[in-house]
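Everything on this sheet refers to the single structure shown next.
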Amino acid sequence: MTALFEPTEHPHRRYNPLIDQWVLVSPHRAKRPWQGQQEKVNEEQKPSYDPTCYLCPSNKRITGELNPDYRKPYVFKNDFSALLEDTPAPEKSSDPLFQSSQARGESRVICFSPDHSKTLPLLTALEIEEVIKVWQEQLRELGAKYQWVQIFENKGAAMGCSNPHPHGQIWANSFLPNEVAREDRTQRDYLLKHGSVMLVDYVKRELALKERIVVETEHWIALVPYWAIWPFETLLLPKTHVKRLTELSDEQSKDLAVILKKLTTKYDNLFETSFPYSMGFHAAPFNGEDNEHWQLHAHFYPPLLRSATVRKFMVGYEMLGENQRDLTAEQAAERLRALSEVHYKERTK
């Protein structure tokens, strides 16, 4: 006799309507022993100022240019930009196997604060508000010239961060990147088929179910999406229809700072380490269309799985077949939800 399906025990696939892909969920594998790579935990106390850091105030960058003695978030042109403003278009090819297109743009760096030691969860909500204001200013400026502006942060050496001073990046593109183009298509198709906005509908469903919500504030929710790929992946969304960061009300912007601090604090508290991740915002492009199908959201993709030293590797089947995870989204959300919103470094002894 076939056993009844149990999502915490039996392998199954979950569909991600946002990117039109499936993920294999294998919860029984979470019980397997681990004898693989153990990454060294680097938890030494960082100074608030490092004279050797290229990003600290008044220091010389690798190009020889001096940083100002900044006291709030500081933005500058990336010294090793992946995109250039004046890039000629390649010649058109008639061969369908050898196609290329023009890629113009700009790359900028945003230092979140002058303090070398403070990542987002260690900043105050007011300090994070200042970061959000700069994000919004950059979107307005760059969105006037480019159809896509990507705000993101790679936190930690495990995510390829090349400088320990807490910072993010802002890339402006003359084109829609692959992930964004896919989300644009799926959200547009959903609106045409259902007459409503996909991620607005999704927020309503998750608010009713509550089992995958990690943090909820007045205007925002952070949750482990039903279709999550990374072990403790989260999706951050406003509760109402908002297409871009620049369209947030003052109250929504302030509340975004609150939930960013709470969510990233829970991440750090999970394994009591500075939790690595890649995060970024997706929102309506600056392409002259109404983009009613779009809903602002942020993706957090952290690699850690079992501890501060054991991470998820996207290899083998994930590279050649489809994405796979062990822990269910509901189990991951339960663990994150139960964590304190007071950072482990700030707890009273």
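Keep in mind that glycine also has a Cβ here, set from the backbone N, Cα and C atoms.
Quick caveat, the model's predicted, so the values are computed rather than measured.
Sequence annotations record features per position, and here Swiss-Prot assigns UDP-alpha-D-glucose binding site to 29-32, 78-79, Asn154, 160-162, Gln169, 312-313, 317-318, Gln324 based on similarity to another entry. In sequence order, Asp326 constitute the residues six or more apart from Arg29 (UDP-alpha-D-glucose binding site) in its chain with CB-CB distances below 8 Å.
Applying an 8 A CB threshold to same-chain residues 6+ apart, the list for His116 (Zn(2+) binding site) reads Lys46, Pro47, Ser48, Tyr49, Asp50, Cys53, Leu55, Cys56, Pro164, His165, Pro166. The Zn(2+) binding site annotation in Swiss-Prot covers Cys53, Cys56, His116, His165 and is backed by sequence analysis.
For His167 (active site, tele-UMP-histidine intermediate), the same-chain residues lying six or more positions away in sequence with a CB closer than 8 A to its CB are Leu55, Val109, Ile110, Cys111, Phe112, Glu153. In the three-state DSSP scheme, His167 (active site, tele-UMP-histidine intermediate) is classed as strand. Taken from Swiss-Prot, the feature active site, tele-UMP-histidine intermediate covers His167.
Residues annotated as Fe cation binding site in Swiss-Prot, with similarity to another entry given as evidence: Glu183, His282, His297, His299. Taking a C-beta cut-off of under 8 angstroms and a sequence separation of 6 or more, Glu183 (Fe cation binding site) has the following same-chain neighbours: Leu18, Ile19, His282.
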- [ ] For the recorded Zn(2+) site formed by Cys53, Cys56, His116, His165, name the remaining residues of the chain with Cβ within 8 Å of the site's Cβ center, in chain order.
- [x] Tyr49, Asp50, Tyr54, Leu55, Asn59, Cys111, Asn163, Pro164
Open item on the list: I'd like the number of other C-beta atoms within 10 A of the C-beta of Phe313 (UDP-alpha-D-glucose binding site), please.
Closed with: 12
